[in-house]
Amino acid sequence: MLSDDHVNEIIIDVDNVSSGVQSHPSSNQIFQEKVLLDSSINMVSSISDIDVVDSQTVSKRNDQKGNQVLQFSTSLNESMSQTLHSLECMGIDTPGSSHETVQGQKLIASLIPMTSRDRIKAIRNQPRTMEEKRNLRKIVDKEKSKQTHRILQLNCCVQCLNSISRAYRRSKNSLSEILNSISLWQKTLKIIGGKFGTSVLSYFNFLRWLLKFNIFSFIVNFSFIIIPQFTVAEKNTLQFTGLELFTGVGYFRDTVMYYGFYTNSTIQHGNSGASYNMQLAYIFTIGACLTTCFFSLLFSMAKYFRDNFINPHIYSGGITKLIFCWDFTVTHEKAVKLKQKNLSTEIRENLSELRQENAKLTFNQQLTRFSTYVMAWVVSTGVAIACCAAVYYLAEYNLEFLKTHSNPGAVLLLPFVVSCINLAVPCFYSMFRLVERYEMPRHEVYILLIRNILLKITIVGILCYYWLNNVALSGEEIIGMQLITSLGLPEFDIARNVLELIYAQTLVWIGIFFCPLLPLIQMIMLFIMFYTKNISLMMNFQPPSKAWRASQMMTFFILLLFFPSFTGVLCTLAITIWRLKPSADCGPFRGLPFFIHSIYSWIDTLSTRPGYLWVVWIYRNLIGSVHFFFILTLIVLIITYLYWQITEGRKIMIRLLHEQIINEGKDKMFLIEKLIKLQDMEKKANPSSLVLERREVEQQDALHLGERDSSLDLRFRRSVQEGNPRA
Amino acid sequence: MGQCLRYQMHWEDLEEYQALTFLTRNEILCIHDTFLKLCPPGKYYKEATLTMDQVSSLPALRVNPFRDRICRVFSHKGVFSFEDVLGMASVFSEQACPSLKIEYAFRIYDFNENGFIDEEDLQRIILRLLNSDDMSEDLLMDLTNHVLSESDLDNDNMLSFSEFEHAMAKSPDFMNSFRIHFWGC
């Protein structure tokens with residue numbers, strides 16, 4: 001027994017359980033709580049996070065320490081329950097004995113002041129059984145009604161508000177359920193997810209997301225451009241043959257599909273009807289479409305970044321994620337077996353990656369490896385440049401060829417060649433794998449993707465450049481290329497398929513100015529692609545063999561869609577509108593020197609009307625002036641810099657907190673070792689009196705609780721010397 | 001298979017279940033139908049119970065490597081009442097909040113139920129996940145050590161709930177994959 005002088009009051013502070021979520025309510029478990037009884041009794045609360053000092057120790061030693069710790073904590077638990085039992089016998093109402101109610105009371109107290117909507121959410125978030133939640137709700141409602149009972153005047157208002165909010169909530173629920181039920185392909189996607197997992201599902205979700213863009217563009221175009229055009233349409237005199245479906249030439253040339261067909265006049269029905277300026281409508285509608293796409297892409301990209309790229313370099317957690325993120329949605333037995341095989345491969349690859357990070361190569365090996373990389377890059381870039389040059393010369397030759405011959409099928413030559421290049425060269429790139437040796441197999445995939453992307457972008461860029469310099473624009477080639485490239489390969493490689501989707505969407509955006517019905521065609525293509533991919537998946541059952549980090553890849557693809565693809569389109573269109581001369585005899589902009597002159601002339605007409613001078617002012621001083629954009633850019637840069645500094649500060653904070661956690665763990669372990677030592681010392685010194693104490697504790701009534709040795713080992717009367725200063 | 005007495009769910013009960021769980025109306029009714037098909041004949045659905053084997057053999061859980069742990073965590077005294085099944089479906093639904101999912105995932109992965117995911121738990125998880133017999137002891141230890149070195153912040157060789165939560169809370173892969181569709185409709 002230790003003397004009274006040394007009182008070692010060990011109160012171990014523990015984190016608060018947030019918002020009432022109770023951790024591990026099973027009986028054997030060790031809780032983290034702050035139990036502070038009256039000042040007369042100080043009890044050591046249970047400890048959960050216990051630290052082994054040296055992390056480099058051999059597993060045996062770890063086990064021993066771990067066992068020690070668990071032993072200690074179980075003995076702690078036993079003695080604590082003993083104490084509680086004994087204290088109950090003494091008639092003391094200890095909060096520790098009913099810690100459940102303490103937590104419950106805290107929870108109830110926190111729920112009462114909440115609004116009813118938040119309360120429902122908070123109760124739903126509780127990890128408890130339905131019965132407990134129901135009881136909780138009843139108790140809270142009773143307490144709440146007790147409190148509001150006093151405020152009689154507001155009673156009827158409160159009731160009105162309650163019933164209104166309840167009705168609103170119910171209607172919102174039913175609305176969201178209706179939206180869910182008409183959501184496109186819901187059931188098919190669930191089946192696909194069940195059979196093939198989330199990675200394949202992400203491809204189909206991406207497809208559905210692109211479809212939404214096209215539906216929106218189509219609706220806008222249809223209502224503002226095509227319908228007015230129909231009202232002044234002329235008769236179509238050309239013949240219709242089946243080839244037009246593939247080339248888009250011929251019959252379709254004089255339909256709403258082509259830019260050339262649109263009138264440049266101001267449509268007016270009757271003398272008193274409102275006038276509809278076709279030129280302005282055309283530019284503004286396409287502008288509105290693209291602006292909406294821009295903002296929608298921007299926000300989606302930001303959201304994906306925020307969700308997927310939080311401090312990746314601080315906590316990589318690669319293997320942890322693999323172990324704990326098993327895909328529970330898979331319900332097909334074959335799929336589960338395949339997934340297990342994939343997981344095994346991926347784990348082994350990851351482990352070898354981690355091991356090889358430490359392995360050092362000799363200088364010779366490094367040199368050879370570096371030279372193979374360089375050579376591979378040179379060859380691949382050379383091939384890309386060669387293809388681009390070929391496409392450019394072919395395009396020029398094609399133009400002259402078309403002028404002399406009028407075979408409609410010849411229009412298909414250019415798209416055919418481009419599609420062949422797109423199919424053949426990536427296969428060639430993947431053969432590089434045999435020569436290059438990468439340390440991490442993941443890098444292989446990334447490098448391959450980057451090469452493919454570069455190839456596609458350069459080809460599209462060359463084609464755009466060619467089109468911009470030759471005014472004979474038409475949508476034929478675009479459509480032709482789309483149709484042919486969409487007949488893809490049978491194997492379901494997610495990366496290639498998503499790239500195809502992005503490529504097709506880029507083409508649609510480029511062509512939308514000259515062929516307003518292009519979104520409709522793309523919609524049809526996406527529908528067809530969905531069903532063909534679905535059927536091919538079901539028949540072959542060839543889910544991707546390479547393991548796939550769905551969320552990171554999706555972020556990367558949306559970034560691709562935004563950055564080279566959409567911004568490239570915007571640049572091309574900007575150049576078109578500002579620099580190109582529209583064709584003189586067809587289209588809504590015929591006769592103007594540049595496309596943009598339609599807007600200039602509109603502003604000029606507005607400036608003569610007194611009521612619209614504010615529009616003219618905005619145009620001249622905000623949109624048209626350089627100073628405004630300069631100041632705006634400056635403000636945006638300053639804000640970006642400030643946010644960047646805040647992020648850096650937060651990273652430092654995270655590092656400091658991590659170190660603090662480690663230090664606190666070490667302190668706890670140190671204290672526990674000390675306690676165990678003292679426990680042993682006591683046992684050796686007084687084996688008989690310990691037994692006596694136990695009996696005493698069980699039988700006696702308490703009068704002087706302060707002197708009572710309430711438990712075997714917990715009350716150490718030593719001064720706090722080396723104790724944890726932070727506890 | 002016999003069917004329970006065909007009691008339609010009362011409207012107030014449906015409202016209450018909707019308020020207390022994350023399931024939509026259709027989902028609750030579908031689960032109700034499935035439950036009625038499986039439970040023994042002649043009993044009111046609120047008093048009937050399903051055994052763990054019956055729940056394990058639901059199409060959604062039949063091939064899941066952790067189905068025994070799931071049944072263990074969500075059942076009470078070895079059987080499933082209707083509300084237990086609803087609770088389970090609610091945690092695994094798409095709309096459930098991340099903290100709830102993490103909480104129950106921790107309980108599922110804690111095989112020996114001592115409040116921590118220690119080395120023994122990790123080894124059992126890995127064996128379930130890979131389901132292969134050619135798993136060498138070295139590889140297993142190596143893997144366990146790597147997991148602990150990545151996620152064990154205070155170096156006590158076990159993952160406490162906070163550490164598990166920290167590792168999983170920011171992972172969208174976890175939220176998307178910890179889902180099960182229980183209803184066939």
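The backbone N, Cα and C atoms fix where each Cβ goes, glycine too.
All annotation found in TrEMBL is predicted automatically rather than curated by experts.
Marked as domain 'TMC' by TrEMBL: A:444-551. Residues or ranges marked as transmembrane segment by TrEMBL: A:209-230, A:280-299, A:370-395, A:410-432, A:444-468, A:507-532, A:553-578, A:622-644.
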(request) Spell out yes or no: are there three or more C-beta pairs under 8 angstroms between the transmembrane segment (A:444-468) and the transmembrane segment (A:553-578), with each pair 6 or more apart in sequence? (result) yes
(request) Count, for each of A:209-230, A:410-432, A:553-578, the Cβ pairs lying under 8 Å from the transmembrane segment (A:507-532), and report the range with the highest count. (result) A:209-230
(request) May I ask for the residues of the chain that lie six or more residues beyond the transmembrane segment (A:553-578) and have a Cβ under 8 Å from a Cβ within it? (result) 202, 206, 283, 290, 293-294, 297-298, 300-301, 304-305, 308-309, 453, 457, 460-461, 464, 468, 494-495, 498-499, 502, 505-506, 509-510, 513, 594-596
(request) Please give the sequence-distant neighbours of the transmembrane segment (A:209-230): residues at least 6 beyond its ends with Cβ less than 8 Å from one of its Cβ atoms. (result) 184, 256, 261-263, 267, 276, 278, 281-282, 284-286, 288-289, 292-293, 296, 300, 501, 505, 508, 512, 516-517, 519-520, 522-523, 526-527
